[in-house]
């Protein structure tokens, strides 16, 4: 029987719109960061050594961020191309009527991707793709380096934004921080002032969001859970922090955070998973 997801495509304009908007916002943040590091506007000005160190840190963060984004988008966590027929169906297997296929435990069907995802966690709206077995590692590293980049930009833009705000009344300051678009459209700020306020606002909010996401998924990582399993209170796959880290990040789990292209193959296949019950039977 043909698989409906084999012919389906999620590469249309609606599916790619979140990714395009995310890329445009990331480009704006990158340009603002380069502007601050190269020209050093606002007090206090960066010295040559400080500027060189900041540029090196920014390059390291951006390489890691872009590398993990590329790995995340290139990795397919779905059942496409995975040989499921002929495998022994055991406890936890289910039949997906949309995909017309048996699917293994921890899988879930995504209505946006129109296919079942191995070890499905959730659908990432900003990047337009599901987070699952095949791309969980770059997703976690992406959260870490995105939070770092956004925090870095916020700190660098802080002095310039502070100088801008001190030159105006408190009401003007509040309006610029809360309604920068309105201030631009009414002609009360220049385009450069709007860009400074808007990028700083979004960077602070983005850093908080990515930081919260990293803490949440770090907790799930140590517990060996997906978001769905956490919501349902399931702990069947929690084999201890060390085993859970290796299962999700590979044997070099402590180093994968430093470079996206570091080889650390996952020990599993996304289809069969060891449970706490299996460990108990083996020990007995």
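The backbone N, Cα and C atoms fix where each Cβ goes, glycine too.
Positions annotated as topological domain 'Cytoplasmic' by Swiss-Prot: 1-18 (among others).
Here Swiss-Prot flags 19-39 (among others) as transmembrane segment, drawing on sequence analysis.
The topological domain 'Extracellular' annotation in Swiss-Prot covers 40-52 (among others).
The transmembrane segment feature in Swiss-Prot is assigned to 53-73 (among others).
According to Swiss-Prot, the feature topological domain 'Cytoplasmic' maps to 74-137 (among others), an assignment based on a curator's inference. For the topological domain 'Cytoplasmic' (74-137), the number of residues in each DSSP class (helix H, G, I; strand E, B; coil) is 6 helix, 19 strand, 39 coil.
Taken from Swiss-Prot, the feature domain 'DHHC' covers 94-144, and the record attributes it to sequence analysis.
Look at Swiss-Prot and you will find 124 tagged as active site, S-palmitoyl cysteine intermediate.
Swiss-Prot lists 138-158 (among others) with the feature transmembrane segment.
Here Swiss-Prot flags 159-166 (among others) as topological domain 'Extracellular'. DSSP states for the topological domain 'Extracellular' (159-166), grouped as helix (H, G, I), strand (E, B) and coil, give 8 helix, 0 strand, 0 coil.
Summarising the annotation, Swiss-Prot assigns transmembrane segment to 167-187 (among others) and lists sequence analysis as the type of evidence.
Marked as topological domain 'Cytoplasmic' by Swiss-Prot: 188-201 (among others). Each residue in the topological domain 'Cytoplasmic' (188-201) gets a DSSP state, and the totals come to 11 helix, 0 strand, 3 coil.
Within its own chain, the transmembrane segment (202-222) is flanked in space by residues 25, 29, 121, 139-140, 143-144, 146-147, 150-151, 153-154, 157, 230, 241, 244-245, 248-249, which lie at least six positions past its ends and keep a Cβ under 8 Å from the stretch. Residues or ranges marked as transmembrane segment by Swiss-Prot: 202-222 (among others).
Residues or ranges marked as topological domain 'Extracellular' in Swiss-Prot (evidence: a curator's inference): 223-284 (among others).
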Specify the count of other C-beta atoms within 10 Å of the C-beta of residue 124 (active site, S-palmitoyl cysteine intermediate). 19
Restricting to the domain 'DHHC' (94-144), what is the model's mean pLDDT? 93
